[in-house]
Amino acid sequence: MLDLRLSVAPMVDRTDRHFRYLVRQVSLGVRLYTEMTVAEGVVWGKRERLLAFRPEEHPVALQLAGSDPKRLAEAARIGEAFGYDEVNLNLGCPSEKAQQAGYGACLLREPLRVAELVQAMAEAVRVPVTVKLRLGLDGQETYPGLARLVEGLVEAGAKAFIVHARSALLSLSTRANRAIPPLRHEWVHRLKEDFPHLPFVLNGGLRTLEEALAHLDKVDGAMLGRAVYEDPFVLQEADRKVYGLDRRPSRLQVAWRMRAYLEEELQKGTPPWAVLRHMLSLFRGTPGGKRWRRLLSEGRSLQALDQALRLMEEKVGEEGEEEDPHPKGHPLPAHPFAG
Ligand SMILES: Cc1cc2nc3c(=O)[nH]c(=O)nc-3n(C[C@H](O)[C@H](O)[C@H](O)COP(=O)(O)O)c2cc1C
């Protein structure tokens, strides 16, 4: 059984392996997705650079985009060989580039073709093949149309549906496409009512863990995107509240873990900014958070991170923040309600 209860959305230029590693420090349970990766890139490009990830990232899914069944099948096979736990097909990207190449949301116009793509992928791998789709295209979506698409894709081999609960407006920018088309969470609830045996994940507009969890009595999972990038600590309580783990990491603990990670990555030749850029929001909304951000973005080095860490240790000391008595990787204090 796939544990889809909570996941972090695939986001280009955001959910690369460094950000995923950071999120994993905040929650051991949450399901992670890669950035959208074009099948041709996987087949012909620099695989190691595109697909490599650390074992700590599990459970982690590879999101593919494409419009050619053979390429997608080959890319799915390669992804499986790299160790991904799931291969997901993007049916939601509305960008011009995607439209020109014929992948992403524009495929929703061609349900039979999408079924062919899913079938090719599902036949190629043993890990589950899932889809991430929007409700429809250009405001023409209908619930019966969506339900028919789901039926066709299940027959083709799709094992779960992640529904970004709005239409894709192909004439608008990707950014506008995440704000203008109205959200219809109730359509995802209805899909689950109509197909109770199929797994559905609701996505779109969820800002907090509580908001996400509120959907779990109606669907199988909730996926958060922007809220996690803006402040990864929206997931601070995820392990306790969702996965029954006695764990509630502090910002400072995660920052120290990321320092160790950065040191390792520097040895491998990773430029420091590739990691540091994802750490800017680590102290968002806390005292010193703005200075932390400035120190990292101006310094862009391990030394800058050390300076920022010293600052935050002082702040935590001053604030008497109860959460962080042993920041440097000591075990977390036991949760008072732990059994
Ligand atoms: C910067 C950015 C990049 C995105 N890239 C992808 C992507 O690669 N694949 C995808 O399926 N969706 C992508 N999305 C859409 C998100 O996965 C998600 O569906 C959307 O942001 C709505 O969820 P949210 O309101 O929780 O952010 C992207 C969103 C953002 C903000």
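Each residue, glycine too, has its Cβ placed from N, Cα and C.
Here TrEMBL has P10, M11, V12, Q63, H164, N203, G204, G205, G225, R226 binding FMN, and the candidate from K46, K97, K132, K241 in that same listed site is K132. Comparing C-alpha positions, G205 (FMN binding site) sits nearest to R178 among the recorded positions N90, C93, R178, R293. Confidence for the domain 'DUS-like FMN-binding' (8-310), expressed as mean pLDDT, is 98. The Cβ of R226 (FMN binding site) lies under 8 Å from the Cβ of A9, M11, R178, each on the same chain and at least six residues away in sequence. Candidate recorded positions: N90, N203. Fewest other C-beta atoms within 10 angstroms, N90.
Binding of FMN is attributed in the record to P10, M11, V12, Q63, K132, H164, N203, G204, G205, G225, R226, and the widest Cα separation among these residues amounts to 20 Å.
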